[in-house]
Ligand code: BG6
């Protein structure tokens, strides 16, 4: 039976939602993600009053630590990375429920101790026997951990309690391995208890794509191949990969980001209106649009890859990927990837969706640019519209969250010169509340048992089906990705990829 939160009356439109009695176990507490995102998000939820009174956090790791050593780690990561201000009273309440269990993943005793700790916390603090297990660990460790959770009885819920598992990407490295991984997880946890994290779906600006499209009359009539020329989805980062070789070498930009975040952005942008925002209805539309999405060929002309070289980035000398610690000296891992996709249905036939992502680029920016066709006829003389581009609606996912509409306007004082101008919506101006971090929303949804923002295995597998042909094409080439200078907008081949079609990448 699921715990029903009395505040969650469906008629209650207020967001404050408080999780029911529960505890959270994190595997991989010493990793970057746990320190920079997960533990700070838990504090932020506590600070917002959205965690239940007896909420307990259990860390599991190899280190020879006592409870207070782990407590210090949480404390330091909260102080450094939490979004909301540090308050002693909030911290002290959270700290009372912090425990640590020392062990390795193949250690039966350690998992038995973990089960014991979960039971004790339930008795002491009233966690209701409800526990979520967050696997912030490499996917190679999923089989052993899920097996241990089954063996120790931790995975088992009775009719009055729940047990959920949260898994971080990558969900495999291709379709075949994703299927294997899904089978391993589903062997222990029923699908409704599996929460696959794609943290982009936790972002306010991403959820807002659905509000923009389906709450307004203005955009949807134009949202199709009759009016839209193409869509550009960009996720650029200015940081390099120092310290991440263990995860990234051999994975690369396409698997790291296009397979999940960018395809989810495409799905939100291209999907049909769901029957409702119930999880089943939303996921059905996402799966449908992803199933219609295919790479547009020929792949040697419609895809591009690159690897950042060493050099100067904004006054700082930075190493190239091949000089970063831990990367193979002849690594062919791409740090930039661009692909052309087509959604093969009536709404989108013939409209290219260009997806690109890269590390060490000009600046950090994620955006979706919906670029419209030119007006079919311009009743001006040609010199008056030389500076007029195509209309575009740009969803600025981050930073500087907002939406920009670009259109032509008469330049004052001229007879009739038309030039592009922009109209802007910025979260910072329109709302006084700052947006919660993606992980706040998603961790809370796990505790509430709200699955809407978590991709199901079907979506994950379809996403690999889309990407696999591109990855196979690159593997067959057997060449190294093209080098690009740090601080640039990627390799030349990516520019050529668009120029060939008479288009250009935006320079956000
Ligand atoms: C992660 C990727 O999923 O997203 C990282 O593995 C990337 O490589 C990160 O840096 C970016 O997240 P955000 O929220 O900062 O855009």
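For all residues, glycine too, the Cβ spot is worked out from N, Cα and C.
Automatic prediction, not curation, is the source of TrEMBL annotations.
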Request  = Let me know which member of 79, 87, 359, 373 TrEMBL also records as binding substrate at the site of 199, 203, 237, 256.
outcome  = 359
Task = Can you tell me which of 62, 256, 359, our binding-site residues, come within under 6 Å of ligand 1 at the Cβ?
result = 256
Message = Using the alpha carbons only, what distance in Å do you get between residue 199 (substrate binding site) and residue 62 (NADP(+) binding site) once rounded?
response = 26
Task = For residue 203 (substrate binding site), identify the closest of the recorded positions 62, 169, 261, judging by Cα separation.
result = 261
Task = If we count other C-beta atoms within 10 Å, could you say which of the binding-site residues 237, 256 has the fewest?
result = 237
Ask   = Which of the three DSSP states, helix, strand or coil, fits residue 359 (substrate binding site)?
value = coil
